[in-house]
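**Q** As annotated by Swiss-Prot, active site, nucleophile applies to 13, with the evidence given as sequence analysis. The Mg(2+) binding site annotation in Swiss-Prot covers 13, 15, 178, and the record cites sequence analysis as its basis.
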C-alpha cells in the first residue's frame with residue numbers, strides 16, 4: 001500500500017467521510033417536500049444526491065433527479081431550501097453517527113501534532129454543532145463550509161487558502177474524501193488525495209476519479225500516512 005511521507009496537514013470532507021449523515025438529511029429534505037406538497041424523497045435517493053451543497057440537494061429533491069430541472073422555479077427553490085434548513089436544524093442531527101474508527105484515527109493524528117481541517121460543501125452554520133456533538137471539534141484548526149468562500153469543491157479555492165494560511169507546499173497536504181468533488185479539488189490543488197469507498201459518490205465507485213489511494217476503512221489512514229516517531 002502506498003504511504004505518504006512529509007504530510008504536514010490533513011483536510012477532511014465531512015458527510016460520507018467522517019459522518020454518516022444521510023438519515024438526517026433525507027428526513028429534512030422529505031419534510032420540506034411534504035410541506036410544499038411535492039413528491040416525497042427517500043434515503044436511497046438522497047444518498048446519491050448529496051455532495052454539492054444544500055442548494056443542489058434541494059434542487060434535486062424538487063426535480064426528483066440528480067439532474068436539475070432547468071425550469072425549476074427560483075422562488076420555490078428558495079422556499080424549499082429555507083424549509084430544509086429549518087427541519088434539519090430542528091431535527092438535531094440525532095440520526096447521524098461517526099463511521100467506525102474515525103474518532104480514534106483523528107486522535108492519533110492529533111497526538112502526532114498533525115493539524116487538520118474540515119473542508120465540506122455542507123452549509124457552514126451546521127458544521128460546528130455536528131463536530132461538537134460527536135466529540136471531534138477539538139481536532140480541527142479550521143472549519144470550512146460550502147458557503148464560507150464564494151467557491152466550493154470541486155474548486156480548489158479552500159485547499160489553496162489552507163496552504164497559504166499554513167505556509168504549506170502542495171506535497172505537504174493530504175485531502176481525504178468520499179466523492180469525486182473531493183478528488184477533483186485535491187487534484188486541482190495538486191495535493192495528495194485519498195478516496196474512501198464507503199461514502200456517497202452519486203452511486204459511482206470512488207476509484208473512477210483516480211485518487212492516489214483508495215481505502216475501504218477510515219482506520220486504514222494510519223497505514224498510509226507516515227507519522228513522526
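Cβ atoms are placed via backbone N, Cα and C, with glycine included.
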**Q** Between the residue listed as 'active site, nucleophile' and residue 178 (Mg(2+) binding site), what is the CA-CA distance rounded to a whole number of Å?
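**A** Cα-Cα distance, the residue listed as 'active site, nucleophile' to residue 178 (Mg(2+) binding site): 8 Å.
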**Q** Would you count the other C-beta atoms found within 10 angstroms of the C-beta of residue 15 (Mg(2+) binding site) for me?
**A** 24
**Q** Taking the center of the Cβ atoms of 13, 15, 178 at the recorded Mg(2+) site, which other residues in this chain have a Cβ no more than 8 Å from that point?
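**A** Not counting the recorded site residues, we get 14, 16, 17, 18, 19, 51, 120, 177, 179, 182, 196, 199, 200.
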